[in-house]
Amino acid sequence: MAVGQIGNFLAYTAVPTVLVTPLGALGVPFGSILASYLLKEKLNILGKLGCLLSCAGSVVLIIHSPKSESVTTQAELEEKLTNPVFVGYLCIVLLMLLLLIFWIAPAHGPTNIMVYISICSLLGSFTVPSTKGIGLAAQDIFHNNPSSQRALCLCLVLLAVLGCSIIVQFRYINKALECFDSSVFGAIYYVVFTTLVLLASAILFREWSNVGLVDFLGMACGFTTVSVGIVLIQVFKEFNFNLGEMNKSNVKTD
């Protein structure tokens, strides 16, 4: 798992966020396939269809993803972080988080799954951009130039933001899993988290600026296909449903 997370971190520094975040869903179909062989867990026909859709949607995402990076240096990162549009977006996210954590979650969290999902997903607006920013800032830390000190300070700030975001996310993910079914939570969380992360990355890194209409529609279709696949795998995994039973029911009907 540690090696996987390191690879995930390196991916954020190498390719656009709009590609890495949706492709994180591939862990679900691969995990389900491995579990069916190694742990002898049942994978029904809907689960197999979900695995196929997730892989097909991922291929579409890769084909239509942005072909170039919009932010490649520390100076560009600092300029983006101080952009008034992104600062305004962060203020709105912080206000929503305060409302959700201190007023809405205590009253409605245990009965409404979207409360905890919204908190964890909004925190993704800090987690993923911070991860990508740390990778960019780290490139200048070990260089003997005047910008190395600024890069170190920026890296430490982003590390602090990343650490706080992850801790709060874990807290509310655990609360959600105590109150709701993990399969339903996982499916909805993936869709909402990915959507908000892509929104934050689009505002900060402007990765959509070089994406044409055809590629945009292709990525939207790919993300939708992956989301449907995840829902089929997660939500319907307890259904005892296979082709053999369908054939038996057809024979009885005839």
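Cβ atoms here come from the backbone N, Cα and C positions, even for glycine.
As written in TrEMBL, here are the features:
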type: TRANSMEM; residues: 12-39; note: transmembrane segment
type: TRANSMEM; residues: 45-64; note: transmembrane segment
type: TRANSMEM; residues: 85-105; note: transmembrane segment
type: TRANSMEM; residues: 111-130; note: transmembrane segment
type: TRANSMEM; residues: 151-172; note: transmembrane segment
type: TRANSMEM; residues: 184-204; note: transmembrane segment
type: TRANSMEM; residues: 216-236; note: transmembrane segment
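With a cut-off of 8 Å on Cβ pairs spaced 6 or more residues apart, the transmembrane segment (111-130) and the transmembrane segment (184-204) reach 3 or more such pairs and are scored as touching. Comparison of 45-64, 85-105, 151-172, 184-204 by number of C-beta pairs under 8 angstroms to the transmembrane segment (12-39) places 45-64 first. Within the chain carrying the transmembrane segment (184-204), a Cβ under 8 angstroms from the stretch's Cβ atoms is held by residues 16-18, 21-22, 24-25, 28, 80-81, 83, 85-86, 89, 93, 113-114, 116-118, 120-122, 124-125, 127-129, 132, 173, 176-177, 223, 227, 230-231, 233-235, all 6 or more beyond its ends.
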